Amino acid sequence: MDLLPPKPKYNPLRNESLSSLEEGASGSTPPEELPSPSASSLGPILPPLPGDDSPTTLCSFFPRMSNLRLANPAGGRPGSKGEPGRAADDGEGIVGAAMPDSGPLPLLRDMNKLSGGGGRRTRVEGGQLGGEEWTRHGSFVNKPTRGWLHPNDKVMGPGVSYLVRYMGCVEVLQSMRALDFNTRTQVTREAISLVCEAVPGAKGATRRRKPCSRPLSSILGRSNLKFAGMPITLTVSTSSLNLMAADCKQIIANHHMQSISFASGGDPDTAEYVAYVAKDPVNQRACHILECPEGLAQDVISTIGQAFELRFKQYLRNPPKLVTPHDRMAGFDGSAWDEEEEEPPDHQYYNDFPGKEPPLGGVVDMRLREGAAPGAARSTAPSAQTPSHLGATLPVGQPVGGDPEVRKQMPPPPPCPGRELFDDPSYVNVQNLDKARQAVGGAGPPNPAVNGSAPRDLFDMRPFEDALRVPPPPQSVSMAEQLRGEPWFHGKLSRREAEALLQLNGDFLVRESTTTPGQYVLTGLQSGQPKHLLLVDPEGVVRTKDHRFESVSHLIGYHMDNHLPIISAGSELCLQQPVERKL
């Protein structure tokens, strides 16, 4: 009869680690030693696994900042002057393609796995992370020890440019804030698949796509393939993602960072694609698709992450004051697209698709530029402009009223060059701001999202708009005095009251916004539909997308006397008959 060996009695002085080694020597294999976890909540670092083709995902970074890791393949490569995958140190601006002999790039795990759920361990390419050093400086993205792909001053200045192909965009009908992370990733993948099927010559067009599930079909809308397949220069900076046609230098779109809510790569069959969701006046909320040369998609994602990182550090150096919800509505984004609070949100704006809500982000988008008449001015985009990038102004003292013949002889305002939107982009992380104020004993209204009474979205970029508020321009007083002498200026007037005064096509008037001081709105009737066009940008400059004017009177006189329509989003607004105010 076999007897089991007696178990050793418990001894509090027993060395458990030594006993484990002794037991392992009896035939069992000692457990593999795992690397110690970093200071953040991520698991240990693993080397890239062969055949692991999980998609690249860069999501907007708030408020779970310390949990995010970016795959940074080029961070582990020694940079050389002739390396095509990153900008050279001698000022080379365009990044052409990745190294031809480079293998498949390791990609980033899902955010759900990064947050600690599941048994799979997280890996981040590029060696050990400098997590402690990075967190000490208030960053929210852990980068490889060897650093980002590009110098910070280049990303904060002119930006890093990549030669890619613009494949079009797919309308997103629901707010990304209302979707979980997995659904957002599926939305971007499905948008990439839709575009690959629709555009001839797309890299992923040969594979058979699964039918779109019902939930995704209710989220994705129609596609816009106007510029599909066009080679473009993608410039990534702390201000925006700028898409410019490589041949004619036409700006296809300029999406500010605060209007971008999600960015991701494709699935294994579409690994060379980058998709990001942004808002603009033309496409509303849409998922824009970029096709990258082989091996370059990961660099594009990493550079976007670097731009977000730098913008957040700029906020830490210059945190804005805490604003009330009413001030937030009267700030940059609200004043630009929804200045009339009493109106329903689905009202037809001058630059809206029918039935769609006005966009919330400040964006410059010139998709319809080629359809404009020569010399025609475009509608104002709701973007702040720094004076050094607004283009040449008209000579001071140039007549803007009086004899129409004199105004007709005035040359058209010079076109504006490419613009930077903010001198010093600054960000708001409401949670960190409230904690900092409480630590120093500062007083301020509590944030309901921080206290848990309202859910906060991890990818919500809207808190940044607090940092973008600008005070009312001082010249608004003189502008108001000047407008009082114009017969077509009606003072403060609601949208409904203004539309009631329009009877014939070509009727127009200018009114002052009832909710935003210093903002003036051009209201006109075209093809039986009222149009509402903002005339003053957040810097207090009267401008259209291509030109700036000395005053509102100058803008009205220039377009009316020269019979030039204002073109925006495929529609024209002709200024023919001014509706004079009643005394």
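Even glycines carry a Cβ here, placed using N, Cα and C.
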Range annotated as region 'Disordered' - as stated in Swiss-Prot, picked from 192-236, 372-416: 372-416
Summary of DSSP states over the domain 'SH2' (488-579), given as helix, strand and coil counts: 16 helix, 36 strand, 40 coil
Protein Cβ atoms within 10 Å of Lys154 (N6-acetyllysine), excluding its own: 17
Overall pLDDT for the domain 'PID' (156-339), taken as the rounded mean: 79
